[in-house]
């Protein structure tokens, strides 16, 4: 009998405790070091190493810089132009670091999750929705700080007839609150579905190719399709990080300008 590394397509999303901290006096279960913590730390280390390589590259030319530095500057310039186009005005620059950090973190987490048998951080609903809810709370506080009570005019579209105000306020409030969930849910759903698709198709092709020589040769056709899906998933990993950054910039604009 053949032993599989993964018995179920969902096994790759299970959070396992790697180091447990127990105390007879205090509940320290939340301080356990799990795969969740390990991969979060790994993502941060990869981002830090990337910046170190960009600074200490082979080239000492201060104008040209290393290849790592050129790549990072290209990404930063893309995010800068995107935030400038979304927010505009003279205040957009102060929010570029936030959007760039979110984009970089999600991009690296998505790419690390593409490695076979890895834990996908962005496929964890609790993790990603936790980020989106925290971001939504922060943007709401920012809107209240900048606009005071005028912030609540965001829930009343201009020109609304007085009898329709209660209904529209409820609709706008629900729409605004849904951002806290939809921002992270979109990313997690795309990542989860992509990983499940690759895992299920990979197991099916493996079982097909292990029957006999004929099915092994025939299985090369769907195997090529799986390689195409993997390439597509890499593209989706980059696109989803960019979409998250765009939506964050759009929500920032609403908090600043109330429209």
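Quick reminder: no glycine exception, Cβ is built from N, Cα and C everywhere.
Feature annotation from Swiss-Prot assigns transmembrane segment to 36-56 (among others); the stated evidence is sequence analysis.
Sequence-remote contacts of a segment are chain residues at least 6 beyond its ends whose Cβ falls under 8 Å from one of its Cβ atoms, and for the transmembrane segment (95-115) they are 39, 42-44, 46-47, 50, 75-76, 79-80, 82-83, 87, 121-123, 131, 135, 187, 191, 195, 230, 233-234, 237-238, 240-242, 244-245, 248-249, 252. Among the features that Swiss-Prot reports, transmembrane segment is placed at 95-115 (among others), with the record citing sequence analysis.
Same-chain residues lying 6 or more positions outside the transmembrane segment (125-145) and placing a CB less than 8 Å from one of its CB atoms are 36, 102, 151, 154, 179-185, 187-188, 192, 248, 251-252, 254-256, 258. Summarising the annotation, Swiss-Prot assigns transmembrane segment to 125-145 (among others).
Among residues of the same chain six or more beyond the transmembrane segment (164-206), those with a C-beta under 8 A of the stretch's C-beta atoms are 4, 6, 9-10, 12-13, 106, 110, 113, 120, 122-125, 128-133, 135-137, 154-157, 219, 222-223, 225-226, 229-230, 233, 236-237, 240, 243-244, 247-248, 251. Feature annotation from Swiss-Prot assigns transmembrane segment to 164-206 (among others); the stated evidence is a curator's inference.
Same-chain residues lying 6 or more positions outside the transmembrane segment (211-253) and placing a CB less than 8 Å from one of its CB atoms are 79, 82-83, 86-88, 95, 98-100, 102-103, 106-107, 110-111, 113-114, 122, 135-136, 139, 142, 179, 183, 186-187, 190-191, 194-195, 197-198, 201-202, 204-205, 259. Feature annotation from Swiss-Prot assigns transmembrane segment to 211-253 (among others); the stated evidence is a curator's inference.
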